[in-house]
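S.K.: My questions will all concern the structure given below.
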Amino acid sequence: MDHYPIFLNLHGRHCVVIGGNETAARKGEDLLDSGAIITLIAPDLGGDCEDLLQRYPDRAHHRAEDYKPGMEQGAALVLSASGHDATDRLVYRQCTRLGIPVNTVDRPEYCSYITPAVVDRSPLQVAITSGGAAPVLARQVRSQIETLLPTAYGRLAALAGRLRERVAAVLPTGRQRLRFWEQVFDGPAAESMLAGREREAEQAMLELLRREQARRDERGEVYLVGAGPGDPDLLTFRALRLMQRADVVLYDHLAAPGLLRLVRKDAERIPVGKRRGQHTLPQEAINDKLIELAAAGKRVLRLKGGDPFIFGRGGEEIEGLIEHGIPFQVVPAVTAAQGAAAYAGIPLTHRDHAQSCRFLTGHRRHGALELGQWAPFRSDETLVVYMGLTHLETVSAQLQAGGLPPDQPAAAVDQATTPAQRVITAPLAELPERVRTARLQGPALIVVGATVTLQPQLGWYHSSPNAEPAFPEHGCLRGEPRPTRHPAPADTEQA
């Protein structure tokens, strides 16, 4: 973050506004609305500033002279809207020397703080800022948020504030209170408030509080959530909602690290590994951990790359939950195969090239790779091999032994759907050498089939040659140094 967001309590505190123009009036009114006492410093005032003095006679004052050093003494903050560079620079230097927060309108170089665009549903407030880089964009974002937040949210927040101490007295643990408030804001109480029935909303809150007080079952729940192939924009709404609700998150290295920033800030985060052939926790230990945490009353998010039921061991994990009577939800996702194929421009099916598609795994429970058991492989189908990067030579050989010709089109899609995505295409027999030369970062999917020939014309996603790895913990091929990204003429490399 370029700036640390903070809300100041200015009730009864003195603030200085330098300038007597329309901008000074607008900024001064914002301060007055926040409960501040202001002094406008300018030889003359425009009509808007005069209006402020009349409407706020006890809290808005005028000092009819040009700014001089020392006039800012004792101010909680200073806002300069003089419109004169020399004055603005002098104000900034003086305030900086004295440690007084100062903002200069449209001059970010003369600011020690910035004023955001605000959506006001007091006591609920949303602040949006571009850090001074694009104020118009910040205002447009504010306009969009304005349409999403009903004005009744302010009354709902005020009602919650009035009941907060009562709730704290009845529900002693933070987890109980969190569960209660989530049900309030996502249930009948909120709906009643939005419909204008405030009395009914309060009754619904009190009834829910009585039920929660009587509740003795502190058993938690497990959310088995697919994180998708890597791009956070491909998350489902339900996945995002549960990520914000979880008390603890168990995640593997196939879930892009950027996704963890979308998890509730105070949620405990537990890495459980899972990169090629290496596991921070064995699968059995992960299963036991889910049961242990849920039995302790926690809402547990199991965040898995791709879809939990496609080579994600989701079935193994929920078997133990069922055995122990732990409630759970499964949230599907855009699969790694779907995401990689779509972003690489490789259709999985096509009327002219592939009438079927099969998903295979390059990783077996007991280590042995035996793709031949799924033979014969046909040239008019698309094969997607998960976790095949490490053993790509074996994958290539077994697919050829199963019926595919050496020149069958094939591709490796690395870090799919992220800015670091790379696509390597080559005949099946040559793909392992091409991938080794490219030193892919992983994770990667292998796509084999005639539809790969369409990639040059259908590839639409342009990754960044200098992008940082999207999965920095995933590592390189065994025994190889970590690659350094260098600019390339294109994000697709072909043999």
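Backbone N, Cα and C atoms are what each Cβ position is placed from, and that goes for glycine too.
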S.K.: Just to be sure I read the record right: PRO229, GLY305, GLY306, ASP307, ILE310, THR335, ALA336, ALA416 are listed as binding S-adenosyl-L-methionine in Swiss-Prot. Which of MET205, MET243, MET387 is listed for the same site?
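M.R.: For the S-adenosyl-L-methionine site that includes PRO229, GLY305, GLY306, ASP307, ILE310, THR335, ALA336, ALA416, Swiss-Prot also lists MET387.
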S.K.: Measure from the CA atom of ASP252 (active site, proton acceptor) to the CA atom of GLY306 (S-adenosyl-L-methionine binding site) and give the result in Å, rounded to a whole number.
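M.R.: Pair distance, Cα basis, whole Å: 11 Å.
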S.K.: Do you know offhand how many angstrom separate ILE310 (S-adenosyl-L-methionine binding site) and ASP252 (active site, proton acceptor) by C-alpha?
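M.R.: For ILE310 (S-adenosyl-L-methionine binding site) versus ASP252 (active site, proton acceptor), the Cα atoms are 15 Å apart.
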S.K.: Let's check the environment of ALA336 (S-adenosyl-L-methionine binding site): how many other CB atoms sit within 10 Å of its CB?
M.R.: 30
S.K.: Within the chain of SER130 (phosphoserine), which residues six or more apart in sequence place their C-beta under 8 angstroms from its C-beta?
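M.R.: Listed in sequence order, they are LEU137, ALA138.
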S.K.: Largest pairwise Cα distance, Å, within the listed S-adenosyl-L-methionine binders PRO229, GLY305, GLY306, ASP307, ILE310, THR335, ALA336, MET387, ALA416?
M.R.: 16
S.K.: Would you identify the secondary structure of ALA336 (S-adenosyl-L-methionine binding site) according to DSSP, in three states?
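M.R.: For ALA336 (S-adenosyl-L-methionine binding site) - judged by DSSP and reduced to three states - the answer is helix.
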S.K.: Could you state the CA-to-CA distance between ASP252 (active site, proton acceptor) and PRO229 (S-adenosyl-L-methionine binding site) to the nearest Å?
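M.R.: ASP252 (active site, proton acceptor) to PRO229 (S-adenosyl-L-methionine binding site), Cα-Cα distance: 13 Å.
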S.K.: According to DSSP, which kind of secondary structure is GLY306 (S-adenosyl-L-methionine binding site) found in, if we only use helix, strand and coil?
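M.R.: It is in a strand.
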